[in-house]
């Protein structure tokens, strides 16, 4: 009787897991073994790993995702550090989270307005007597906007791990003679590593496949794996190849998870 | 007379919301002594510790270390270390790295770090634990590592903020011996903060009793226990029976309708006073032989003694410690000698109190 009851509560979770996690992943794997004419084949994988185009695309995606993640950390960490020290820190963190509730498309268009040839930024440049810059459709603007989009997701876990640190650790460090900088590098940053790692996990993987931004802000000059997936499913209708790229993305996600999921417990004597 | 190492001069600490945590605190700490700040929570004892350590700025007054004013010197530049109440051992480092931290941040050489960490761990008898993780240690072991980490920099003063409060009773007693021994081996000044009077009495050379941001009384454990300055100190340190009375003349005190010989003097004739008698100084006898007659109400067996609660005819409560049990509802007599009573005046300052004691004691 009791056991049945527990099973009842378990059902929605199992259904969810089966329908929206296991089944789609299985389908992606399944489709990746068929070519455009629905023949079973390994040619998709062969093509992916031998074609220069796909490999460069992968390298590019990884490089861009790496840069986006790096800039997100460089901006988020000091910001989280400052906010965690503020009096109304929960209000400030809410202000950081607020933009994530706005649709990504809207934000992208807002940036187009800001960065375009006649946009606000260029008007400011002209006001100060600087030459007009071509900012839209450049690698730099793509990384800038992508980092902007990802920053809230990076700040939140870092902020949480910072607020978890008891004041007495910082006092102990200062008491033992550490400067503020030493306290930051030897105590605060190592203790917030779990926060940084979950930030990387949340930011790096989606950054591998930001197809909408790469089109709207990068002007399709930046071709990431995400763009390729979209092209294969919607334009060339080569679902097999699109799924293969999907599998590659899933595997790289697993790799990033493994790299960032080092156990807290370290070596034992 | 040994050298003064830490001195506070007229220190005040006021918070923005108007709360005054410290009111005109002045004291000197000598080299190599064990001091205790004793008081209930919120009395300002931790604030004093933090102002010496450099974690809080005093509103006015001077904090001196080795004769130099250190009010504006940051915590990391002060030559003293702290053992924290929650130990604050860095969870991302193992035992060795935790103890070595104070040396690493001062860029000490590798072999020097090795020997000094080993020495510090040896002091707390945990030298074989160097490679353990903090999470693998028991509360008592963490406590010792926190002490080892604090003494590795060879501070002249060690500040201890209620370090034993998280330990169980047995371990706490053991640690009292060890802390006292450690202090004597190191020969440095300890400033220990606690709300536990038993800890304070057991370990200290000198106790500062605090309440509401003020130091009420300074003195050796024996002085403070035997001659508390006022009702608060008498009540806070140990158990006591406090009765209102009248100082008839020098060495004569009256309470509960009787006049008794006592060993206190220097007060106005017929001045209203409070009389303190410790429960262990009361001896139970027959009603005829007793100086006072009381009726036993309840008895609790405490292991090494019986704690007996009794009431006199006026309804005053009497607490008696006796090695022998009594009978419930029995009328018994209580005797006590002149030295068992201690007379306290109302609103006497510490300076006047000490002056009066000196005037009639040799």
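From the backbone N, Cα and C atoms, a Cβ is placed for every residue, glycine too.
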As TrEMBL has it, transmembrane segment corresponds, among A:168-190, A:237-259, to residues A:237-259
Is the transmembrane segment (A:12-34) close to the transmembrane segment (A:237-259), in the sense of at least 3 CB pairs under 8 angstroms with a sequence gap of 6 or more? yes
Counting only pairs at least 6 apart in sequence, do the transmembrane segment (A:91-115) and the transmembrane segment (A:12-34) share 3+ Cβ pairs under 8 Å? no
Candidates A:12-34, A:135-159, A:199-217; stretch with most C-beta pairs under 8 Å toward the transmembrane segment (A:54-79): A:135-159
